[in-house]
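The region 'Disordered' feature in TrEMBL is assigned to 1-183. Look at TrEMBL and you will find 30-94, 134-149, 162-172 tagged as compositional bias 'Low complexity'. The compositional bias 'Polar residues' annotation in TrEMBL covers 152-161. Marked as Fe cation binding site by TrEMBL: His458, His508, His576, His785.
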Amino acid sequence: MTAGSDEPAAARTPQGQQAPGHAGSPTPAPDAAPEAPTECPEPASGAADDGAAPAAGSSGAAAEPAADSSGDLSALAEAPQGGSPRSRGSRGPPVTSLASALESVTIADALSANPGGFGSPSAPMSPSEPWNVARPAASPSSSGFSRASVKSPVTSHPLQDSGSPRGSPSGSNARAYGLGAAPASVESEHTAFSSPIRYAGSPRASMSPWGIHAEIAEAGEAEADPVDEYERRQRRLFRAAEKRRLQREQMSRDSLSSEDIEAMRSGLSNAREFAGPSELHILNGAFPDGLAGTLYLLGPGHFDIRYNVQRELEQATRVFTYGHIMDVPPLLSSIMFDPRRKAIVHRSRLIAKQATARVHMEHGITTKVPGALYMSDTNQTALGMLLPKPTHRATAEGECCGQAIQLAVPLQGSSRAVVCTNHVGALQCIDPDDLRPTATVELKSINRAFKGALSCPHMQYDPRTREHFTVLQDVGFRSTTYTVVAICEAQPGGYVVAKFAAQASVLHSFAITQDYVVVPVYPYSAPIGGMAYRWSDSLLETLSFDNDRPVLFYVISREYRRVQCVYRAPAFFALHQINAVQETATDSVFLDMAAYADDTVLRRLQVKDLRRPSFASSIPAGELRRFQLGNIAAEASRYAGLGGGISRLPLAHSLVLRTEPVELAQISPAAAMRNHTFVYGLSQTEALRGQPGAEQPNTAAMYNCIVKLDVSDRSAPAQTWSRTHCYPSEPVFVPRGDKEDDGYVLSVFFDSMRITSCLLVLDARSFKELLIAQLPAAMPISFGHSRFAP
């Protein structure tokens, strides 16, 4: 029935003529099987004889086409339902074969159902136009009449849009800088589990008998199999759901959610690598005179890794997020200063791509040794955690070595490579020119005597002897064996300096002097002895800080290769040693470090807390302390005859040098293992502005300023550099002259308002800006380290 018209379809036939297939039309004799037409002849121009109904396959007069051009066959739905076998209420006997299906379809049925032609439902046929005129979209069927091809999709439906939404930005620039979000979603009311789309004009768009017969005819000469039809329908549903999933992923890549923007503004989102060299644009200042060399920066790279989970009819995308900032796969950057061209060249590379791909494939982390993570959920089942650890060999990009950078380490016959380390004994060799990982060497593979799953990521270097030192921990069920090892060019296979037994601890750095190696063992306890460590992947979940036990300083002689004596101090925690000085007059060693009351600073470096900072999750403020280990020779003789007992050990005296909070502190390389005056590090403006006596002056979630402290004069004011909404990385001092503070201070800060990063060069003496240059993309906020190679 035509929209807006109440007149039945049968009433619009020419006078004296009845529409075929309706009430009043004679039915052919049962024994007179109609002959299937091979070609549809043109109808006569005049009307048929009164009362003569055209037989199946005859060239009788066709019914006048209905005025409805929508193609939804609403006219058949509203036609009078008489006693005809072809009426809506009765479909006649079931079709048992393809031949009977073709014989039961009449030309008049087809014309009365869709007078505009199957190939063009939106273009109605005029009464004067021949009904079998050629239509571009129609294709002849085996029965001789034209039908529409159901392969032409309706492009307005979201499942048929093969490309990304129009107007959406291409590439990842929009995601990196927050520009050009994708347009509004084109979601449809149909879901991935909806029934197949029924296109207008298609035989499947109607429930009429001729539509069912035409659908069977499309199957070809073979008879329709219900099982095959069900499987085809399931495949269509799966393809539609898969296409819909791909479209949603494309839209999610081109658009930014509020959580993405929050993560980007927090400086803790995935970084982009720029493997090729790019010259930086100087925004402020000029190229510093005499500055030549390369600055290497190591920081977090990929916080979130997406992976697919197979569901019933589609794949769902989930996100794995690393829990601790020290567990994140690293991004290594290099900034080269060319004084001849007065140019600054930058490049960066993600150096743990294989480890990231393994997380994507395994939907989580599979660690090789216990305690391989600081505090991250591996996203593994309980059964997977009980299985033995994998024993795959270390590959060039298969380990996450993002905790420290070392230079001039003699590995694989060369000391030219840049070496990145972690706390489980892996040394990743990096080509210093293009930052491409070349190999990953494990400490235990260098020397069989190097035993221990845990290692100190900060190796100590003696420029006089050109030796590199580190400490290994072999955690046992009752005690832990510490092994101090050394590697040098003269002995590339390394050697063991000393061994001693103590409790397990979180050891991030230690100190060396000309004659001694000093290893601090912080008070930690493990439940059920070493059993809990064996079955745990996160180190901070296994070990707990014990404030009732003291810190022990093990003083090891480099010459005699043994423990000389042990000192004790009240419980505290430190991540980084600043300097160690040996004083011959008093036979003492002085250790400078950034000290905290406990290990809260390490536990506050979780990604979830840094992304959503609050007062409860703020990083505690440490202080700059100096510990004196006096009369070493005398205490060594006393220690040899000491039968045991911690209370009988000598006390290490401490002195607070500065109360300003400082972390990632650096000094001039020329002052290493000597008396120094100035310390450069990161601090917090909120803590610096705190009033004396305030209980909680610190409310910052991350360090937001660079500070210069004079450790020889506590009354000297601190020199600071800061910018609003900017978070600098570890400062690096580059000497320029003979004086201790004559040089440059280099750092890279993240601007959370512009979501970009810039290179900063300060004059070390005046602490004034000399240069600011913009990097090609934002670098995440880093708790990592930097090194300058002249």
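Glycine residues also receive a Cβ, built from the backbone N, Cα and C atoms like all the rest.
What TrEMBL says about a protein is an automatic prediction, not a curated fact.
Apart from the site residues His458, His508, His576, His785, the chain places the Cβ of Gln403, Ala404, Pro457, Ser509, Leu575, Gln577 no farther than 8 Å from the centroid of the site's Cβ atoms, the recorded Fe cation location.
The 10 Å shell around the Cβ of His576 (Fe cation binding site) contains 19 further Cβ atoms across the protein chains shown.
Around His458 (Fe cation binding site), the C-beta neighbours below 8 angstroms that are at least 6 residues distant in the chain are Gln403, Ala404, Thr421, His508, Ser509, Phe510, His576, Gln577. Cβ neighbour counts within 10 Å, taken over all protein chains shown, single out His785 as the most crowded of the binding-site residues His508, His785.
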